[in-house]
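Listed in TrEMBL:
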| type | residues | note |
| --- | --- | --- |
| ACT_SITE | 110 | active site, phosphoserine intermediate |
| BINDING | 60, 337, 341, 378, 379, 454 | Zn(2+) binding site |
| BINDING | 60, 171, 173, 332 | Mg(2+) binding site |
| SIGNAL | 1-17 | signal peptide |
């Protein structure tokens, strides 16, 4: 029940004056629905082409509440109320739900989930590129339990492959594409226990350069894990935390260069200026490491040194699409997750909006006829927004009434737990006394934690392009790469594919279906 006090307060805010004039006409809504119905009926003509290209966008921590809030923010950034706005992913015709649990965790982490949606096998929390037979941090349980990813399958099929992320390139999500590690935190040998080193396990940065030596595009952060211990960073010369970490003395950038064929053009860049100055027609391999650790939040990004996610995606596609056999590209909006962990909803949501812009950029550069694009998340967060806010209320604003318990205001955005829990004078902090619109404001939480946690509910999967309709209903998360591989005729499940599986070629399964529908008199 809502108290009479709240009803009066809400009623005062939810004035009819907030309603756009066109929306007062019922014909507006009827026309909108009929147009949507018309488009839905067109989906009966299924796209059964072979997917020459696959692009997977992974919003780390981008649960459904984050998607909705990002949609509103996108609209408000364009001076609209926001609720009616459409994200690029909203335009995708097929939507499913993904069950995110790890084999040993009800609420998952980004490593076990990455193994599921990239390798097609559910795994334990904290492990990447290995089955559930591998125990976290136990090096001696790794051998024989390695599982390969869709990036690996695409490379085996002759496609070009790329990884673009706003985190470290050896972070949980990208690492499952190429590494096999009992611990996601083994970024370099500096972070590994002596026992694991003595048993022969390799750190993730090392595996990036050695496991699949011909990845065409790698872009993100993580520079310090590529250089010997205490090597001064090229950008942050006075920052000890930016120095190289490797105990083995290796320079993995030099190793990356040495693996590239002499007749090919490989380029290592460390800033945006160098990246955008490249003649991409003359680039066969690109390694871009723009920060010692994770890349900066989009709101904090330096336009000289750090490219945006959209810019990196544009560069990656221009390089990868030169391969006539097509490409696989993994794109991670990884700092959505970090913003939420820090309780900084404004940072998280701006990261999500930037990833949506990158999705739009990819759509401009590719075709629905031959490119399967999948957008999803690895897990959710305990992030929510509510409070009976009126139409067009700033997504970072206050609810329209005071709490009927402590008589204090509260923001629409709240967390179930996290660092935003604050008590002042024995009571909940009065948010009207702080700058709750600040980029780094930590939204209030119900339970105090240094770092906010993941959420355990299902996440959305958006899909468009060849065989995108196979992503529907509620699925286990590990189902996703099997669909992508089936659509592209790569990996183990290729019985339905033609020998020449270039884009647009129907599979033999489709050809047989068409033949079965023809009258016998035509066939003979």
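Placed from the backbone N, Cα and C atoms, the Cβ positions cover glycine too.
Everything TrEMBL records as a feature, shown here on the structure.
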| residue | record | contacts (Cβ under 8 Å, 6+ apart) |
| --- | --- | --- |
| 60 | Zn(2+) binding site | 110, 167, 173, 332, 333, 334, 335, 336, 337, 377, 378 |
| 171 | Mg(2+) binding site | 110, 165, 184, 187, 220, 222, 294, 334 |
| 341 | Zn(2+) binding site | 61, 381, 418, 451, 452 |
| 379 | Zn(2+) binding site | 61, 63, 100, 107, 108, 109, 110, 113, 454, 455, 456, 459 |
